[in-house]
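Everything below concerns the one structure shown next.
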């Protein structure tokens, strides 16, 4: 039987199994959302790099969040758009593994990045006099390098464990990109080790950071309520509320994906949730920071006024 098995060299992403007219409609909507995602996060990156007032640790972390959001979209959306127009177009095995690795890297990094951002706000509000000492640039760079390194190494572990598995058919992935669990369903061997590592990684990279984020913002809330100045309280709450919105969107969708109750069509439900991850979340983050953050709005006004005077 082993001699008759054929090795899979490419996969077909089934994507959204709807009619051709719906596919064209979705192609238009998703292309628009994709453009908004790149434009919004690009504006955030541009404002942070050009405005000296935003050269602070908080916006250093925010610039990396914008980079991760753009990378999310660029990793999954183009392939999804291609599949909407040509559902039968395959993706190579190497391309599929690369897409899985990059998605996991960005997901893990964003979990840790949101934790770093909550720690930054905790130090700024609860220990303002020691903020410049605790959150020095060397500390910020170390935290950021650690986040990217841990995210990429953990993703590499998942991919290595996939590569040890045989794939002998079928080659149809019921998803719009090479999502880890969907790829594992096509393996011709026992995947118990992969499942154990996935569960352990979820506890370490999702439950752990979320717990620390909640602890940080609980202490931040207590500190904000103690602020005597009304303006100081509003400024602190405005900054932290934008962070909380992003944390709620990201971790909320992740918890529903991996810990929520399964419907009768769990795979179709997961496609919608991962669409939220890879497209809607990155598109909403710049809007949240521009609408809820006075400093970002001020930097945008200064940039627009400078262009008009020139």
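Positions of Cβ are set from backbone N, Cα and C atoms, glycine also.
Within the listed segments 82-100, 101-119, TrEMBL records transmembrane segment for the stretch 101-119.
Averaged across the domain 'G-protein coupled receptors family 1 profile' (40-289), pLDDT for the predicted model comes to 86. Panel annotation: around the transmembrane segment (272-291), residues 30, 33-34, 36-37, 40-41, 43-44, 62, 65-66, 69-70, 72-73, 75-77, 103, 107, 175-177, 179, 242, 245-246, 249-250, 253-254, 256-257, 297, 300 of the same chain, lying at least six beyond its termini, place a Cβ under 8 Å from a Cβ of the stretch. Beyond its flanks by at least six residues, the transmembrane segment (22-47) meets 16, 54, 62-63, 66-67, 69-70, 73-74, 77-78, 80-81, 84-85, 87, 279-280, 282-283, 285-287, 289-290, 296, 299-300, 303 of its own chain at Cβ-Cβ distances under 8 Å.
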